[in-house]
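Read the structure below first, then the notes.
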């Protein structure tokens, strides 16, 4: 098992060496001549989907993230299981957690009607993530396009490379470094937790670990206004020590449906929902991450987020003769 993990890590590192070379083949307005209505079709259907279910904005943003962190931004996360290949959807971080597949299916169907075998599922995910952010109040950015879709998925990669909600700061740094992303990318992309919800099973550990084990960055003995203990009590009322695993809580209690910078204000106050949110502050021993968090809490977040999303969207992309353009995002072409 350890040998398999090491092999997967080495493959990822080697793949990321080629990322810059591959991303040079991505361009703005890639479909301007090939499929002029492509971005409009994606945008319209995202508007309809998010109007009906605002939670889908966070779900589709997360879908792009979980795709890119496993073998690169190649739509491998969309493939269903077939004989000899277990879907990434069945992996621990994704099972009964990822949503939005039907939205991608509908967009793909309409694009195939408009421009057969032209727009890749990987590009749909990238455009949908961008539109999800903008439709919830975030900044729009130009998506680099021209990705191809993978011919396989990686169940083991999904279990290995997607950060867990109780990860330590060093584990998060290592996860992002394996993808060619730095600490600045880690901090700013964590800001995506300004929208969406998480299940009790994902934040229970954050509530019930002892102060000494988990919250050593906060001085509970001098918590004069009971900010941290009150927040933990609120979380405890939602998520008891046992049971109610699928009960939800918003990732951002301030503005749960709006894409803004309040996430960073939350974690400065010790009010991040996930353990992996709070470690950005309470395990930052030299204070450099805290400086970044303070800058993002002061309205410098949006442009930085767009920059890091573009960078993440270029991870190990397949272009030209690599991969294919699937007819159906759930299965490879026959």
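Placed from the backbone N, Cα and C atoms, the Cβ positions cover glycine too.
Taken verbatim from TrEMBL:
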| type | residues | note |
| --- | --- | --- |
| SIGNAL | 1-19 | signal peptide |
| DOMAIN | 25-333 | domain 'Plant heme peroxidase family profile' |
| SITE | 62 | site 'Transition state stabilizer' |
| BINDING | 67, 70, 72, 74, 76, 88 | Ca(2+) 1 binding site |
| BINDING | 163 | substrate binding site |
| BINDING | 193 | heme b binding site |
| BINDING | 194, 252, 255, 260 | Ca(2+) 2 binding site |
Shortest C-alpha distance to residue 72 (Ca(2+) 1 binding site) - which of the recorded positions 62, 193, 194, 255, 260:
62
Compared by Cα position, which of the recorded positions 62, 193, 194, 260 is the closest one to residue 70 (Ca(2+) 1 binding site)?
62
Taking the Cβ of residue 194 (Ca(2+) 2 binding site) as centre, how many other Cβ atoms lie within 10 Å?
29
Which of the recorded positions 62, 193, 194, 255, 260 has its Cα nearest to the Cα of residue 88 (Ca(2+) 1 binding site)?
62
For the Ca(2+) 2 site given as 194, 252, 255, 260, which other residues of the same chain have their Cβ within 8 Å of the site's Cβ centre?
195, 254, 256, 258, 259, 261, 262, 263
For residue 163 (substrate binding site) and residue 252 (Ca(2+) 2 binding site), determine the Cα separation and express it in whole Å.
19
Compute the mean position of the Cβ atoms of 67, 70, 72, 74, 76, 88, which form the recorded Ca(2+) 1 site, and then list in sequence order the other residues of that chain whose Cβ is within 8 Å of it.
66, 68, 69, 71, 73, 75, 77, 150, 153, 154, 157, 158
Out of 67, 260, which of these binding-site residues shows the lowest number of other CB atoms within 10 Å of its CB?
260
Binding-site residues near the residue listed as 'heme b binding site' (Cα-Cα within 10 Å), from 67, 76, 252:
252
Summarise the model's confidence over the domain 'Plant heme peroxidase family profile' (25-333) as a mean pLDDT value.
92
Residue among the binding-site residues 76, 255 whose Cβ has the most other Cβ atoms within 10 Å:
76
Given the recorded positions 62, 74, 76, which one's Cα is the least distant from that of residue 252 (Ca(2+) 2 binding site)?
62
